Amino acid sequence: MHTLFISDLHLSPKHPDITASFIQFMREEAIKADALYVLGDLFDFWIGDDDPTAFAEQIKSEFRQLTQQGVPCYFTKGNRDFLVGKRFAQQTGVQLLPDEAVIDLYGQKAVVLHGDTLCTQDTRYLAFRAKVHQPWLQRLFGFLPFALKQKLVRKIQSDIRDDKQHKPMMIMDVTPSEVIAVMHRYNVDLMIHGHTHRPAIHSIQTDDQTLKTRIVLGDWYSQSSILVYSKLTGYSLLSRPLINIE
């Protein structure tokens with residue numbers, strides 16, 4: 001018995017090797033799991049649930065096949081796919097989670113999240129996040145023609161890339177005090193997140209001498225990154241080569 005966690009695949013038609021590796025993972029590994037958690041940034045950017053492209057349908061089809069075969073799939077929105085909504089959930093069978101969710105892993109409570117909200121030193125990003133998460137703005141964006149939304153997203157992505165080039169690496173990592181605050185808020189000793197692309201398993205000793213664990217999922221840029229949480233053996237953070245597309 002085991003549960004799988006992935007994040008930060010940044011799926012895009014521009015990267016067929018990542019897409020092929022994801023499809024293989026869904027059909028050969030996820031299908032055998034008790035549940036699958038996707039902790040954000042599945043897509044390089046999700047423009048909206050009205051995406052009519054064959055690529056979007058291909059990815060939705062993989063989730064639909066998985067959930068129809070009885071594997072529960074849970075989805076946390078990331079900073080690249082925060083526009084995933086109810087229509088996507090209905091079409092795929094996935095269950096959308098709040099920004100922070102407490103789950104039960106075979107008797108072990110854990111808080112799962114994308115991880116961007118833990119980077120509290122990156123104040124410019126958090127201000128941008130607060131703006132684009134306003135419901136009225138998302139509704140307005142949703143009314144725009146898909147082609148216009150694509151143009152706007154390309155401009156936003158370009159601005160984000162330029163901004164990241166001028167940021168110190170340290171402010172794009174999590175703030176330790178925020179990690180502890182979130183774990184205390186939910187009274188858990190285990191946190192699982194993505195976003196930073198720095199896969200690792202961290203042990204944290206708090207002021208009250210409690211030992212806590214923070215597991216960071218990796219991206220799929222050059223290899224897959226999968227967290228396997230087994231009922232019998234605990235957690236393993238695995239990476240595998242991507243499928244080579246000639």
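A Cβ is built for glycine as well, from the same backbone N, Cα and C atoms used for every other residue.
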If TrEMBL says ASP41, ASN79, HIS114 bind Mn(2+) 2, which of HIS184, HIS195, HIS197 does it name for the same site?
HIS195
Taking 8 Å from the centroid of the Cβ atoms of ASP41, ASN79, HIS114, HIS195 as the cut-off, which other residues in that chain fall inside it around the Mn(2+) 2 site?
SER7, ASP8, LEU39, GLY40, GLY78, ARG80, GLY115, ASP116, GLY194
Segment-level pLDDT (mean, integer) for the domain 'Calcineurin-like phosphoesterase' (1-199)
94
Are there binding-site residues among ARG80, ASP122, HIS195 that sit within 10 Å of HIS10 (Mn(2+) 1 binding site), Cα to Cα? If so, list them; otherwise say none.
ARG80
